[in-house]
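Pulled from Swiss-Prot:
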BINDING   Asp107, Glu108, Asp204  divalent metal cation binding site
DOMAIN    101-288  domain 'RNase H type-2'
Amino acid sequence: MYKSSENINRFTEEIENTFWDDLEKFNFEKIKREVANLKKEYFSFEDYNIFIKILKRLKADKRKNVNGLYLNFYKFLLNQKKEIERVRQMYNFDKYFGNYIYVAGTDEVGRGPLAGPIVAAAVILNLNYVEDKKLILGVKDSKKLTQKARYELSQTIKEKALSYSIAVINNKEIDKRGISWCNNEVLRKAVLGLKLPVELVLSDGYAVKNLPVRNEFVIKGDSKSVSIASASIIAKVYRDELMREYSKVYTEYNFQSNSGYGTKEHIGAIKKYGTCKIHRLSFLRNIV
C-alpha cells in the first residue's frame, strides 16, 4: 500500500524507471496485482503522463490477458475521471457561498424510526484542496451507499476533516419534546460541538433555528454539498452501529437489521413482546 507521500514518490519512481518498462519479464498475476494497486492508491489525474505510459505498455504487450488489463484499466480511469469531476463539483458547491475558511455541513439520521435516538453530525472539511488526492472520492448521499462503503468513507472523512462533531438525542427526550424540536436541537448541538470557529453552516432541506452563525439550507443537500454528505455518512454509520449494539440487549426486535424503523417484522415483534426501553412511545400510539 502506498499511503504516505514518501511512499507515493517512491512508487512513482518505480513506475517511471523499472516495472512498466520491463513488463514482458513479469507474469500476468504480478502485472494484475500492480494494476490493482494503482486502482487503490493512484487516482490523481495530475499524474496523467504516468497513466498514459502504463496504458501504452499494457496495450503493446503481446499477451492477450495483459491487453485485457489495458481495457480494464482504461475504463477504470474514465470512471475515476468522472468521479473526480463529480466530487470537485460538490466541493465547489460549498465554496460558492462566499470566501469562508470554516464551512460546516450538518445532517441528521433517525427522524422516523420507532426506536432509538436521533443522531446528527457536523463536519468541516478543507475545501481548498490542492491535489485530486486530497478529495474524498465516493462521498454522496449516505442512503445511496452500501453499508461497507459508508463505514469506509466515515473513517476517511473523520481522518481528513478539520473538525467533526456527533450529537445524540435519545427516545425519552423525543417523547418529551417532540421530534420536530429534537430534530432541530440535535443539528444545533452537532454544529456547536465543532472545535473550530464556524463561519457558515450548510444544512439539508431546511434551516437550523437558533444558530449563532449564518445558515443556508440546501434542498437535496446530501447530493450537492460535500460537507452535508459527509455529515450524513458519519451520522448514519454512528447510529447504525449504536442500533447494532442495542440489538444485542433487545434481541427480539432485530435492530441490527431494521435500525429501529417500522418494518413489518419490527411491528410484529412489538405486538408480540411489547416495547423496550429505547422505543419511542409517542410513535407507537396506533400500534400498541
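Using the three backbone atoms N, Cα and C, a Cβ is placed for every residue, glycine included.
On the structure: features taken from Swiss-Prot.
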{"residue": "Asp107", "record": "divalent metal cation binding site", "Cβ neighbours (10 Å)": "30"}
{"residue": "Glu108", "record": "divalent metal cation binding site", "Cβ neighbours (10 Å)": "26"}
{"residue": "Asp204", "record": "divalent metal cation binding site", "Cβ neighbours (10 Å)": "24"}
In the same chain, outside Asp107, Glu108, Asp204, whose C-beta lies within 8 angstroms of the Cβ mean position for the divalent metal cation site?
Thr106, Val109, Ala120, Leu187, Ser203, Gly205, Gly221, Asp222, Ile228, Ala231, Ser232, Ala235
Provide the three-state secondary structure of Glu108 (divalent metal cation binding site) computed with DSSP.
strand
